[in-house]
C-alpha cells in the first residue's frame, strides 16, 4: 500500500513543478521569462528591458580614429592609388636619407657617373673625362665619403683607370686617414686598391705609418686584411719591420733594433740578449685575442705562431696546440708555415686532439690533397 501511495504522489508533484503561469486572457505563455510581456515586479532585471532597442542610433566613434579622419577638401578625400603611395614612401625615404647623410646628393651624382664609366664598351677618352669629372666633384671630400658603399665603388674604378697624377692626388688625400679607413668594411677595398697601385716610395711610407698599430689591426676582422695585404706586397725588410712589433716590446719601441738581418726569432733573441720570458709573455698577449676571434687565415699570423712554438716551453705550446686542434687548423694549412703548424699539432698533440683534427678535416680532404702546401 505504501508503494502504491508513492506512485500516485509522483505525478502530482510533477504537475505542481511544471505548472506555468498564464497570461491575462488565460492562455499559457511560451515566451521566456526575460522577454515576457508582463514583467514581474519581483525580478529587478526585467526593468532593463523596458526601453526598446533603437537600431537607428548612430555608433560612437572611437577617439583614437579621429586623427585618421579625412579633411572635407576634395583633394584629400580621394584615396591614393598603390603607385602614388609607393612614390610617396620613396620621397619620404629620400628625405630621411638626405638628413642622415650629408653627402647624399653627391653620392647620387657619382653613382650616375659610375654607371657610365664602368661599361666595357666605352671609349678610353670618354671614360677619362667621366673619371676627371667624378674626381673633381670628390676633391677635398674623399676621406669622408670613402666609407660609403657607393662612393667606395666609384673611387675604386677611378683609381683603376685614372692617370698617375690623379692617382697620386687621391693617395695623398687618403694617406692621413689610412688607419681609420682600414677598419671600414667598404673602404678596405679602396685601401687595398691603393696599395696595389702605389709606387715603391708610397708603399714604404704606408708600411712605416702602420708601425705601432700592427697588433691592433691584426685583432680586427677587417683591419687584418689590410695588414696581410701590406705584408704580401712588402719586401723582406718591410716584412721583418711589421713582424718585429709582434715579437717584443723592445723591438716595438726602438726602430733601430728592427733593422737587423736575422729573420728567425730565436736568432734575434740570442743576438740582442732579450729575455725569453718577456718575449713569450708579449707574444702570448698578441696571439690569444687572435685565436679567440678565429682570425687565422693570414700568412703573417702563421709566421708569428710558428716562431712562438719554436721558443715556447711544453705547457705554453700544448695550450696553443689544444686551441688550434679542430676546424681552425684547416683554415691555416694553405700556407707553408700553416702546414708546418699542422704537422706540429699532429706530432705533439694528444690522441683526443688528433681525433679533433681528423674530424675537422672531414669534407675538405680533396681540397687539402690538391693544395700545394696542404698535401704536406
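Cβ coordinates are placed from backbone N, Cα and C, and glycine is handled just like the others.
If you check TrEMBL, you get these features:
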- 1-10: compositional bias 'Polar residues' (COMPBIAS)
- 61-83: compositional bias 'Basic and acidic residues' (COMPBIAS)
- 109-376: domain 'PUM-HD' (DOMAIN)
- 1-83: region 'Disordered' (REGION)
- 173-208: repeat 'Pumilio' (REPEAT)
- 209-245: repeat 'Pumilio' (REPEAT)
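Applying DSSP to the repeat 'Pumilio' (173-208) sorts its residues as follows: 30 helix, 0 strand, 6 coil. Across the repeat 'Pumilio' (209-245), the DSSP tally of helix, strand and coil residues reads 27 helix, 0 strand, 10 coil.
Taken together, the residues in the repeat 'Pumilio' (209-245) have a mean pLDDT of 91 on the 0 to 100 scale.
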